[in-house]
Amino acid sequence: MNRTQPLVLGIESSCDETGVGIVRGTALLSNTVSSSMEEHVRFGGVIPEIASRAHLDAFVPTLQEALADAGVQLDDVDAIAVTSGPGLAGALMVGVCAAKALAVATGKPLYAINHLVAHVGVGLLQEENTLPEHLGALLVSGGHTEILRIRSITDDVELLGSTIDDAAGEAYDKVARLLGLGYPGGPAIDKLARTGNAKAIRFPRGLTQPKYMGTADEPGPHRYDWSFSGLKTAVARCVEQFEARGDEVPVADIAAAFQEAVVDVITSKAVLACTENGITELLLGGGVAANSRLRQLTEQRCRAAGIRLTVPPLELCTDNGAMVAALGAQLVMAGIEPSGISFAPDSSMPVTTVSA
């Protein structure tokens, strides 16, 4: 096996995207994604059974397209990497079973990859091809909102803070439903918020009270954590009050004020975590990283704090196989032993476990 510039095939199936990506070392050769999002729209959210069946239908065509785009054959691959968690159990199982079948059929080593750490690994596919020292990662998606410290992407990832209830993306979807904006909620709210007044309504910022924050010397229990369930409830009560009075609901203003509350608390706590933990470089990733206001305010606050911000291209922020392949390549180059084929998908895989 080539351990200096390994050709790695990555498979992603943790939610509603079937992704296959191929990298050679830190060079991206192909990144093919098939999404089942349209099949979930009428339900207002991802239906696990539908997502799993969509992965079954999409995997072989997606694999074939990725190989063709990369100009390689399956036999050329040095190793296979697959998301084994966290995610939807049934969806993960489809990708893991497919990866195991390929590994057995080809005799290639198989690496079970942490989906969240893979979002950091995608930063290695950028121009510099190396992750800097003193690196942090802010991951914001439909299923996760976390701030990480990365000492080594292959074996030393520390969770500094996370949401204690809804993820930010999940809150977007639920509020969009309240406002009649449909699914997915993130893009709809982002677009509508541009026409609204974010200062028209003041929504709460969860876990920002002194009893939760504490101080740098004596941190509170949730200094770097987030909570969005109370914000979601506040939006619902706001809508109910307008409707009870018979007034028109100012949907654009509510969308803008909600988004500002989410982005404000995410960025303020992320920057706080960075400054108090010696983090000088921050990677922003996850599907919600496509949000224009989140990108804007993160950049502003990082610049003010002297933190260098990196945001991958949008197609690499959302779930994809290239990020899985990128992390797999790092494990190969670091001499980490393969996972074998006896591991099981882990829907609640902790971010501190880089590879199963």
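Cβ coordinates are placed from backbone N, Cα and C, and glycine is handled just like the others.
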Taking Asn114, Asn197, Asn277, Asn291 as the options, which does Swiss-Prot list with Leu139, Val140, Ser141, Gly142, Gly143, Asp173, Gly186, Asp190 at the substrate site?
Asn291
His119 (Fe cation binding site): nearby binding-site residues from Leu139, Gly143, Gly186, Asn291, Cα cut-off 10 Å:
Leu139
Express the distance between the Cα positions of Asn291 (substrate binding site) and His115 (Fe cation binding site) as a whole number of Å.
20
To the nearest whole angstrom, what is the C-alpha distance linking Ser141 (substrate binding site) and His115 (Fe cation binding site)?
12
Neighbours of His115, His119, Asp319 excl. site residues, C-beta within 8 Å of centre, Fe cation:
Glu12, Ser14, Thr83, Leu116, Ala118, Ser141, Gly285, Gly286, Asn320, Met323, Val324
